[in-house]
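Annotated features, as they stand in TrEMBL:
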| type | residues | note |
| --- | --- | --- |
| ACT_SITE | Lys119 | active site, charge relay system |
| ACT_SITE | Ser194 | active site, charge relay system |
| ACT_SITE | Ser218 | active site, acyl-ester intermediate |
| BINDING | Leu168, Ser194, Val215, Gly216, Gly217, Ser218 | substrate binding site |
| DOMAIN | 73-539 | domain 'Amidase' |
Amino acid sequence: LLLRWRRRRALWRKVAEAQERQELSLVRMEAAARRFREQNPSVKVASILSLPLPELSRKLRDGSLPLDHVFYAYVGKALQIAIETNCITEFLQESESQLRRAKLMEKQGLLYGVPISIKDSIDCQGHDSTLGFIKNLNKPAAEDSVVVQVLKRQGAIPFVKTNVPQSLISYDCKNLIFGQTRNPLMFTRTPGGSSGGEGALVGGGGSILGIGTDVGGSLRFPAAFCGVCAIKPTGKRLSKRGVMAGVVGQKAVAAAVGPLAKDVESLALCLRALLSEDMFSLDSTVPPLPFNEEVYSSTKPLRIGYYETDFFTMPSPAMRRAIRETKQLLEEAGHTLVPFELTNVDYVMFNYCVRGMFSDGGSSFVRKFKGEMEKGGTGLFFWLASAPHWLKTLLSWISKPFVPRLSSIIRSMKENTVDEVWSLHHEIEDFCHQFIAQWKQLNLDVMLCPMLGPALGIGYPAKLSVAVSYTMLYNALDFPAGVVPVTLVTDEDEEQLKGYKGYYQDWWDRTLAKAFRGGVGMPVAVQCVALPWQEELCLRFMKEVETL
């Protein structure tokens, strides 16, 4: 008991030190922003913050806007959003040195002088990538991740790192070290996760461009919940070297690195900068596919598949309305909309996603929590991963008649043999080919899909792991998928929510109905999906939706 007490005390000391560093970061940001304001009282900060990224970067490159005006405008705004939402974990002090060096640069990249924010799990030299784990504190990265290196070569200035949920396997944003991040649009709501700090900061206007990751919706949830845009590219389109994963080594559900921004044109500019010779030379496993301007700027009418529901997670009234209204606008603009029938999403969720990510029965996932003081945010998965095989079998059998979804999750969490894992990977490949065959049979260019919304109340994502079906499907398929906010929740949507029952009418469906409630005025997005390696077409479709 004494040894345990001493160990816990040592852990609390590490947490306290990290929280002090976080507080010191905000003090430094406040001092830097105040110093700049005093020296430059005539700078119109609001007009700088209102500029969209393409215009801002153009003004920075042609010299009509000084670099330090932009940098300190965003430092001040980021500080305000951090105080309101608790989204920043660390101010990257070297960003001020980088700013001074940038003024002397002859070669100006596409993101010259643009201050950007980076998710906690993406390595920045000299800084921790904690994933919300105490054990990862005081272990600074030896070098920048490839994505950060490329962004710096393109002139961008990473200035803050942002908060994540513990382990990243959650679409909330809370950990024992840095606490709960709140949604900038409504503080009682989650900003989404796992790139939740990015969603809050970009959504609140404290960052013009953020970089996050996505293994089940971790870019798309924060963007949709906070009313901004994001794209999850095909898994290997951008380098993942130096990017920490929630479940290391699993290949069934593809993870991806991608940007969040206020508008689609900003995402396109970011991908133009990233898909450069620098990326391909720093990581030779990334296919050398530069950004295809012709596809992105095309005005050819599109043939668009769509569906209103996946018949697994019942859409909220606002989600259904978002799809219907967007479909109508697209048709009026001359595009062809074709119904797409989704089948067996329950099988995909349990057999490919849950079983794929926890093929070892969850033992490697449980090991990550060894020595930690909290296992929050992952709810059911941690408990099941820790349970012995006989107990999982018994619980699965008992719960099957009453809660079939719980039974399926428990069954999916069993330990697999190597042969079973190989068979699973083969089955996922077959499913992907069948999905593409159905897509091509309808001669589709892109797909319009629902996106979970509005933002759920804080704490609800831990109880509603099943509600990731709309996003995780496209990680299993490894298709590029982006989100665009299209509407706000109305009083009528809220009224219709009273009749929300769900497809299974189980505890999860009842909980989701509660989690949706009280969201009047909150944004609701749609998902835009393309076939693998067609990020430019996905962005072109997103741009069309955004414009309409």
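Glycine is no exception: its Cβ is also placed from the backbone N, Cα and C atoms.
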- Between Gly216 (substrate binding site) and Lys119 (active site, charge relay system): CA-CA distance (Å): 16
- Task: Please report how many Å separate the Cα atom of Ser194 (active site, charge relay system) from that of Ser218 (active site, acyl-ester intermediate), as a whole number.
- Result: 5
- Message: Taking only same-chain residues 6+ apart in sequence, whose CB is under 8 Å from that of the residue listed as 'active site, acyl-ester intermediate', what do you get?
- Response: Leu168, Tyr171, Gly193, Ser194, Ser195, Gly212
- Query: Does Gly216 (substrate binding site) have same-chain partners at least 6 apart in sequence with Cβ under 8 Å from its own Cβ, and which are they?
  - Reply: Ile169, Tyr171, Val253, Cys353, Val468, Thr471, Met472, Asn475
- Ten-angstrom check, please: count other Cβ atoms within 10 Å of the Cβ of Lys119 (active site, charge relay system), all chains counted. 28
- Query: Taking the centroid of the Cβ atoms of Leu168, Ser194, Val215, Gly216, Gly217, Ser218 (substrate site), which other same-chain residues have Cβ within 8 Å of it?
  - Reply: Ile169, Ser170, Tyr171, Gly193, Ser195, Thr213, Asp214, Leu219, Phe221, Gly246, Ala255
- Note on the structure: Cβ neighbour count (10 Å, all chains) around Val215 (substrate binding site) is 24
- Cβ neighbours within the same chain of Gly217 (substrate binding site) - under 8 Å, at least six residues apart: Tyr171, Gly192, Leu452, Val468, Tyr470, Thr471, Met472, Asn475
- Query: For the substrate site made of Leu168, Ser194, Val215, Gly216, Gly217, Ser218, how many Å separate the two farthest Cα atoms?
  - Reply: 11
